[in-house]
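What follows is a set of notes on a single structure, which appears directly below.
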2 protein chains.
Amino acid sequence: MNSIFGKVNEMIEEKELKEKIGSVASFTGSVYKIRKMSGFSFVILRTARNLIQCVLDTGKETYEELCENASVRIKGMVRREERARAGFEIDIREIEILSLPAAEPPVVINNKEVKASLETKLDYRPVTLRNQKERAVFKIQEGILAGARKFLMEQKFTEIHSPKIVFAGVEGGANMFNLEYFGKEAYLSQSPQAFKQMMVAVFDRVFEIGAVYRAEKHDTARHLNEYIGLDLEMGYISSFYEIMETETAMLQAVMAYLSENYKEELELLEVNLPVIESIPSISFQEAKEWIQKEFKRNTADAYDFEPEEERLLCQLVKEKTGCEFVFVTHYPTAKRPFYAMEEEGERNVTKSFDLLFRGIEVTTGGQRIHDYHAQIEKMKERGMNPEAFESYLMLHKYGIAPHGGLGMGVERFTMSLLGRSNVREAALFPRDMNRLVP
Amino acid sequence: MNSIFGKVNEMIEEKELKEKIGSVASFTGSVYKIRKMSGFSFVILRTARNLIQCVLDTGKETYEELCENASVRIKGMVRREERARAGFEIDIREIEILSLPAAEPPVVINNKEVKASLETKLDYRPVTLRNQKERAVFKIQEGILAGARKFLMEQKFTEIHSPKIVFAGVEGGANMFNLEYFGKEAYLSQSPQAFKQMMVAVFDRVFEIGAVYRAEKHDTARHLNEYIGLDLEMGYISSFYEIMETETAMLQAVMAYLSENYKEELELLEVNLPVIESIPSISFQEAKEWIQKEFKRNTADAYDFEPEEERLLCQLVKEKTGCEFVFVTHYPTAKRPFYAMEEEGERNVTKSFDLLFRGIEVTTGGQRIHDYHAQIEKMKERGMNPEAFESYLMLHKYGIAPHGGLGMGVERFTMSLLGRSNVREAALFPRDMNRLVP
């Protein structure tokens with residue numbers, strides 16, 4: 001028997017190389033670009049987060065096989081060079097070729113931008129993501145989630161993982177993907193709602209980051225059929241405003257985390273992180289009236305916003321307060337799910353909110369019904385059969401604190417943060433009505 | 001418009017109360033148990049992680065409505081009490097009842113253990129998880145994943161989220177759940193294999209924590225049909241032993257993280273964390289022979305271990321080395337997937353490994369084929385049509401470093417760590433052939 005000791009090779013990037021100026025370093029990467037000059041070549045190496053400028057003295061050695069997209073190990077002297085963006089260059093002493101591509105990429109990926117339609121970019125996603133700007137989107141997305149997780153764990157939320165194969169949707173069976181599950185009919189979860197409520201009864205505060213499925217036939221720039229949901233739920237709240245306060249604090253923490261840990265990507269993509277001191281809040285009714293008044297605009301939907309209204313509201317709020325976020329509260333009961341708590345003495349509105357960010361809804365949340373009898377009543381009013389929800393109702397039957405929570409669409413939030421116009425740009429391998437590959 | 005400021009109410013548990021000995025505190029929880037004594041009652045409050053012992057002077061106030069599983073806010077004096085486990089008790093001054101249950105639990109949940117069959121526990125999961133020991137399993141599971149994530153991010157792995165609705169399985173179409181996806185046939189992903197390989201070409205090192213689906217008709221104590229996979233993949237490796245070294249280091253980090261942050265739960269469940277200095281490694285062939293020799297046992301499967309053999313091998317390794325983990329390397333090519341790299345000059349074995357822990361396989365890993373032509377050849381040998389894998393093969397075609405990775409079943413690992421005999425005990429809401437609810 002051998003013994004395997006715990007050890008991970010250091011991954012050397014710009015930061016580490018900068019600390020080695022004046023000495024020889026050995027590091028790996030993919031050849032991003034070769035620029036042939038007279039007597040030497042610039043070899044730009046792509047590491048996990050950076051582009052490293054190396055200089056090959058072609059008078060000495062040419063490395064016939066070396067080409068773009070080769071994976072290599074480079075040994076070289078780290079030389080201070082004020083004209084280089086990073087403040088140094090690598091004088092190559094040796095290149096070890098680790099692997100070679102079989103063909104040139106179908107689209108040019110080593111310019112600043114990938115100049116291709118979104119469709120083409122997505123068709124060749126495994127290749128186009130290798131572009132410096134394309135991939136930066138997903139480092140920032142990682143940071144959004146890492147920052148949110150760090151904040152939530154500090155606030156004693158427990159992270160859970162609920163199943164995505166479910167027997168029925170809490171929001172009803174419409175718009176769900178169904179599958180056969182060992183002879184039974186099953187669905188793909190369209191929300192961890194039931195599970196996170198159940199788990200509030202266990203851990204008081206929980207969150208989940210996981211896949212959410214909607215079989216909606218919306219072929220728009222803002223819909224995906226599989227997306228990443230950031231869901232949280234918290235018990236012992238005194239009002240649904242506590243959820244909004246928690247989200248505000250979480251977003252503040254996310255922005256701080258991003259600017260601390262993802263500076264390079266934010267600069268590369270020229271992202272302006274919103275400064276959040278507080279987030280304005282307005283009721284749905286007031287918002288509707290404000291938009292109608294300001295824009296002399298009739299609304300087609302009395303119970304929800306049209307996309308254009310979300311855009312206009314954000315515009316008004318930004319003009320008035322400078323803030324790019326706005327909470328809209330008290331959505332009509334008719335448009336909220338059966339577990340939404342109604343406002344006392346005002347049954348047609350719910351203790352609920354959406355968060356809009358730069359013109360688009362990114363979060364839906366609210367307080368839930370915690371009383372067993374009230375929940376049963378509400379189900380009956382909606383024509384639902386409480387017996388079909390026996391396991392969900394155990395939650396209420398055996399006692400649960402007043403609670404509420406929210407769900408955020410992570411790709412949408414990423415899209416808004418980065419100022420993109422199509423949510424697919426913020427999905428690694430998007431799933432929509434027409435796209436199942438790659 | 002109102003302004004919503006970022007703010008989260010403090011969640012007060014044992015640790016915070018202990019710091020308030022001698023003063024009055026206000027905190028929330030669910031009534032776990034009421035023990036009526038003469039003139040007073042013990043009211044045990046369940047907070048997110050602890051049980052807090054409170055004393056109610058029933059001579060002064062009785063709180064008629066107060067019952068087990070009520071959610072309450074308690075205001076009381078934190079009094080030092082050496083006889084109490086926590087070193088203090090709460091003298092209740094005021095109880096505010098926030099919500100009441102509608103019925104008593106169908107199983108007793110406020111004893112040390114839930115005395116019921118696993119079937120019953122799972123049927124009433126939303127209730128039985130409220131037991132102190134039942135829920136502790138999932139705090140530890142949270143810690144395993146949080147510890148692994150912390151380690152991987154420190155080692156510059158990028159966290160990704162790949163889609164679970166896929167057009168075809170990298171391991172073939174057998175044992176996959178299928179669904180109709182807008183008129184096309186789709187499957188639930190049985191591994192993020194293809195995506196994590198694609199993303200190695202983007203970020204060099206990646207990991208994913210997400211759902212994995214297997215439609216296997218295995219009704220055993222070690223199989224789930226939906227489980228949490230911890231998958232990682234790393235580029236620029238010089239051999240598959242680097243993956244094993246990384247896993248060893250990750251497990252060391254996980255154990256350290258658990259003992260630092262989950263002490264209460266580890267003590268409650270009497271978990272002995274394995275001490276990992278190094279992990280022994282043995283080839284599949286040698287292991288088979290060793291087991292046959294030591295136990296005079298014929299093997300039914302020349303290409304894989306029977307569950308009993310996994311148990312026996314762990315027993316032998318523990319006797320010989322004291323270690324509860326063992327890496328088994330060089331699995332037969334016949335039993336490894338089409339992307340597994342073969343050993344040089346020994347085509348019948350792969351550069352692969354499994355990790356066994358306390359008698360059961362918890363990880364499968366290895367080096368992957370990175371050369372485009374080699375991968376095409378291998379697919380053809382297996383009777384696969386490379387054209388059907390065009391998007392996957394972009395990875396190889398346009399250049400990818402030597403790489404490899406692993407996948408760990410998180411529930412299985414949790415089960416082994418906690419010394420449980422059924423993987424369902426370590427799944428929040430398990431999905432098996434017979435269980436789709438809750």
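Counting starts with 1 at the first residue shown.
Each Cβ is built from the backbone N, Cα and C atoms, and glycine gets one as well.
The domain 'Aminoacyl-transfer RNA synthetases class-II family profile' annotation in TrEMBL covers A:138-438. This prediction places the mean pLDDT of the domain 'Aminoacyl-transfer RNA synthetases class-II family profile' (A:138-438) at 95.
Taking Cβ-Cβ distances under 8 Å and a sequence gap of 6 or more within the same chain, the neighbours of A:ARG214 (L-aspartate binding site) are A:ASN175, A:MET176, A:GLN190, A:HIS223, A:LEU224, A:ASN225, A:TYR227. Per TrEMBL, the feature L-aspartate binding site maps to A:GLU171, A:ARG214, A:THR364, A:ARG368.
Counting same-chain residues at least six beyond the ends of the region 'Aspartate' (A:193-196), those with a Cβ under 8 angstroms from any Cβ of the stretch are 160, 162-163, 166, 170-171, 206-208, 231-233, 337, 339, 392, 395, 405, 407. Annotation comment: TrEMBL describes A:193-196 as region 'Aspartate'.
The ATP binding site annotation in TrEMBL covers A:ARG214, A:ALA215, A:GLU216, A:ARG222, A:HIS223, A:LEU224, A:GLU361, A:GLY409, A:VAL410, A:GLU411, A:ARG412. Spatially close to A:GLU361 (ATP binding site) yet at least six residues away along the chain are A:PHE305, A:GLU310, A:ASP354, A:LEU355, A:ARG412, judged by Cβ distances under 8 angstroms.
Take the CB of A:HIS223 (ATP binding site) and look out to 10 A: across all protein chains shown you find 17 other CB atoms. Take the binding-site residues A:ARG368, A:ARG412: by the count of other Cβ atoms within 10 Å of each Cβ, the lowest one is A:ARG412. A coil conformation is recorded for A:GLU216 (ATP binding site) in the three-state DSSP classification, outside any helix or strand. Counting only the Cα atoms, the space from A:THR364 (L-aspartate binding site) to A:VAL410 (ATP binding site) is about 12 angstrom. Within 10 Å of the C-beta of A:VAL410 (ATP binding site) we count 21 further C-beta atoms, all protein chains included. Looking at A:GLU216, A:THR364, the binding-site residues in this record, the fewest other C-beta atoms within 10 angstroms of the C-beta turn up around A:GLU216. Across the fold, the C-alpha of A:ARG368 (L-aspartate binding site) and the C-alpha of A:VAL410 (ATP binding site) stand 22 Å from each other. For the ATP site, whose annotated binding residues are A:ARG214, A:ALA215, A:GLU216, A:ARG222, A:HIS223, A:LEU224, A:GLU361, A:GLY409, A:VAL410, A:GLU411, A:ARG412, the maximal Cα to Cα separation is 19 Å.
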